[in-house]
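Listed in TrEMBL:
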- 12-33: transmembrane segment (TRANSMEM)
- 45-69: transmembrane segment (TRANSMEM)
- 90-109: transmembrane segment (TRANSMEM)
- 151-168: transmembrane segment (TRANSMEM)
- 180-198: transmembrane segment (TRANSMEM)
- 218-243: transmembrane segment (TRANSMEM)
- 264-283: transmembrane segment (TRANSMEM)
- 303-329: transmembrane segment (TRANSMEM)
- 349-370: transmembrane segment (TRANSMEM)
- 390-409: transmembrane segment (TRANSMEM)
- 430-450: transmembrane segment (TRANSMEM)
Amino acid sequence: MSQSITKARDGFTSTFGVLAATLGSAVGLGNIWKFPYLTGENGGAGFLLVYVIATLLVGLPVMISEIMLGREARTDAVSGLIKLAPKGQPWWLIAAMGVSAAFLIMSFYSEVAAWVFAYIFKAASGEILSTDPAVTGAAFNSLITDPLQSLLWQWLVLTLMGGILLMGVSRGIEAVTKRLMPLLFILLLVIGVRSLTLPGASEGLHFLFSPDFSKVTAGVVLTAMGLAFFKLSIGMGCMMTYGSYFRDDQHIPLTTVRVMCADLFVSMLAGIAIFPAVFAFGFEPSAGPSLLFITIPAVFASIPLGHLFMVLFFVLSAIAATGAMLSILEVPVSVLSERFHMSRTRATLINLLVLGAVGSTCALSSSTLADVQVGGKTFFDLFDFVSSNVLMPLGGIFLCLFVGWVWGFERMTTALTNGGKLSLPILRPLFFIIRYVSPLLILVVMLKGMGLF
Ligand code: PFF
């Protein structure tokens, strides 16, 4: 009986498909414009160390918990927590918070992705091929301050993602990420080698990796932890949703460790592809969007064959953004289609419409709505901050509390060993970390990072 229900539900069909989709979610714009810059800016190897510790003590346990709960429930995140929790306890609110986080993230993320997609064409046409950051800066400014262009590119990206999601989990998400992820690795390696072989490249490696622990403050630790949540797509039901598509025989802890390592590897490669080239030509490394859209084009314009590499770089970024956006959108799409019994088509369309509206606040954050600010932040920055530094860590705390205190060791053991088929010596320490260490650590880092104690 349960076999036939499992079969009827769409899901990932192969081990490689699971890896590609899950890694496709983790790898994204976060690797390309958050990780390298934050690392360079916040103390290089010192930040990296804090990030790796946060990933091991918080990221990994939360990710394993989420995927496990998803696969146990085999339904959308909200229904999943209703199904797994004792009757009447409102643990499903974690998933509801996750759905709101998905909307916030998708709102600003789809706009950065919109710029990336637009830049493939701008790079190809030679429009941004200038070694002068003032010229590339003006080109970027004219894109983001034009409300119509910003909106149209965002809606185009949303429509493209909707089109893939409409094809379903295995024939849409899995099929697309299986093809795109290997391509992403190849492109990244090619650009990394190009960047590293430039004269003067070592200064970029120095910026990225030389440790400066004096920069590692409480705020920086919060940033590193927020990055770990954002990078691994955890604390908001995304991995729970993907977990519900995992095969019964999938080794969850091993898959999670593989995804984490590959994601870290991609982040490092992205840093290696970007900073040596930036320094080789004497550019100043800049933050977030301007690094990607102003400095990078100027850097590529300085390199022999730079025109080609610039196009490849934005294709690579678009690929990275695609896998991530599919997974963010899948959270509310699966909730509407499974919890509210809508057809996948209807669920996708409704979500796209809502996102088109909510997301437009971010698309217009540099133009029409530039002056509308909350706490000194535009909608774009606010959604970014609240999702990574508040909602996702909060989701992580409650997921750990649920597994550690409500679900319990026995059920976790059965779930992670695939019903006793795998032997996992790490279960006791893992449970201890999920029950005590991760939630406490997240709480302390959140409160301290926000200056609340
Ligand atoms: N992990 C993605 C990145 O690093 O770009 C972003 C992301 C994807 C965040 C999926 C949240 C999510 F649910």
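A Cβ is built for glycine as well, from the same backbone N, Cα and C atoms used for every other residue.
Nobody curates TrEMBL annotations by hand; they come from automatic prediction.
Contact between the transmembrane segment (390-409) and the transmembrane segment (303-329) is absent: fewer than three CB pairs lie under 8 Å, with pairs separated by 6 or more positions in sequence.
Taking every listed stretch (180-198, 349-370, 430-450) in turn, the largest tally of C-beta pairs under 8 A with the transmembrane segment (303-329) is reached by 180-198. Counting Cβ pairs under 8 Å to the transmembrane segment (218-243), the top-ranked stretch among 12-33, 90-109, 151-168, 180-198 is 90-109. Listed as Cβ neighbours of the transmembrane segment (12-33) (distance under 8 Å, sequence separation of 6 or more from its ends, same chain) are residues 67, 109, 112-113, 116, 169-170, 173-174, 177-178, 180-181, 184, 227, 230-233, 238-239, 242, 245-247, 250, 255, 258-260, 262-263, 266-267, 270, 274, 288-289, 291-292, 316-317, 320-328. Nonlocal intrachain contacts for the transmembrane segment (90-109), taken as residues 6+ away from its ends with a CB within less than 8 angstroms of a stretch CB, comprise 28-29, 76-82, 84, 230, 235-238, 240, 321, 324-325, 328-329, 331-332, 335, 354-355, 358-359, 361-362, 365, 379-380, 383-384, 386-387, 391-392, 394-395, 398-399, 402, 406.
Long-range Cβ contacts of the transmembrane segment (430-450) within its own chain (Cβ-Cβ under 8 Å, at least 6 residues beyond either end) map to 54, 57-58, 61-62, 64-65, 218-219, 221-223, 225, 253, 389-390, 393-394, 396-397, 400-401, 403-405, 409, 412. Beyond its flanks by at least six residues, the transmembrane segment (264-283) meets 27, 30-32, 35-36, 39-40, 52, 55, 131, 133, 184-185, 188-189, 191-192, 194-196, 198-205, 207-208, 231, 291, 295-296, 298-300, 302-303, 313, 320 of its own chain at Cβ-Cβ distances under 8 Å.
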